[in-house]
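To keep things clear, I will list the structure first and then write my remarks on it.
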Amino acid sequence: MAGRSLALLAVSLALLQVALAARSWLTQFTTDGVVRTGYDASGQKVMMLNLDRSSGPAGFNSKEQFLYGEFSIEMKLIPGNSAGTVSCFYLSSGTDDWRDEIDMEFMGNSSGQPVVLNTNVWANGDGKKEHQFDLWFDPSADYHTYTIIWNPENILFKVDNVFIRSFKRYADLPYPSSKPMTLHATLWDGSYWATEKGKVPINWNNAPFVVSYRSFYANACVSGSACHAGRDGWMHRQLDAAEWGTVRWAERNYMRYNYCQDAWRFPQGLPAECNRN
């Protein structure tokens, strides 16, 4: 009998720990639009962003601002025909013309077509630095982890355990380095741009569209607080030879767009960093 009581107590404590961890994650954010919460089969707290014709965009936003850090979240994207939708995980210093921003944007697809991941870096309002990739798996079938590592030397983008991009800092070129940024996750109507350059808009008959997020992680410098440089290795994190290999693999097999190869877009010459990478 005592053994059974101890077992029940252990289960109760485990459930309490899960609930407290979930509550702690949620309390770090404010929300906009239609945002629902629930639990997945493993007991993890899930935040679900909902979009339909009348609801408008949905999202959650960190209460704290950050200046450098490692940020990751697990996402399960919209199943079926998600054309015209944009699901995001990104950092931004604001909405002004001189903002800094680091983006991971998932552009919806017509059924059967690959979902496109758009990575982008804004520095002092210049955001024409996109690398776009077709995802090599179905991002709506299960959760996958998406990571941004931002430090004074480079910005790294990772999908699950695969690094797909490194954006390097150059001393004479703009780089996000002085403006604290808020972390955001959003779902919105990007019909004018998202799918095949705006040729395929949202079909509202497929609404509501739902994106699920869980397992948020941040190891970062909070604006206005002490920052322990080098903790857990992210402050000076750069890619090693094997990790550069995964970047080249992604570029070779899944890259859809590289701004450094778009001479038509830059008639006065490609951005300076394109000739240095």
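These residue numbers are counts, starting from 1, taken along the chain as shown.
Using the three backbone atoms N, Cα and C, a Cβ is placed for every residue, glycine included.
Feature list (source: TrEMBL):
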SIGNAL    1-21  signal peptide
DOMAIN    23-213  domain 'GH16'
ACT_SITE  GLU101  active site, nucleophile
ACT_SITE  GLU105  active site, proton donor
CARBOHYD  ASN109  N-linked glycosylation site
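What TrEMBL annotates, mapped onto the structure for a quick look.
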residue: GLU101; record: active site, nucleophile; Cβ neighbours (10 Å): 20
residue: GLU105; record: active site, proton donor; Cβ neighbours (10 Å): 21
residue: ASN109; record: N-linked glycosylation site; Cβ neighbours (10 Å): 26
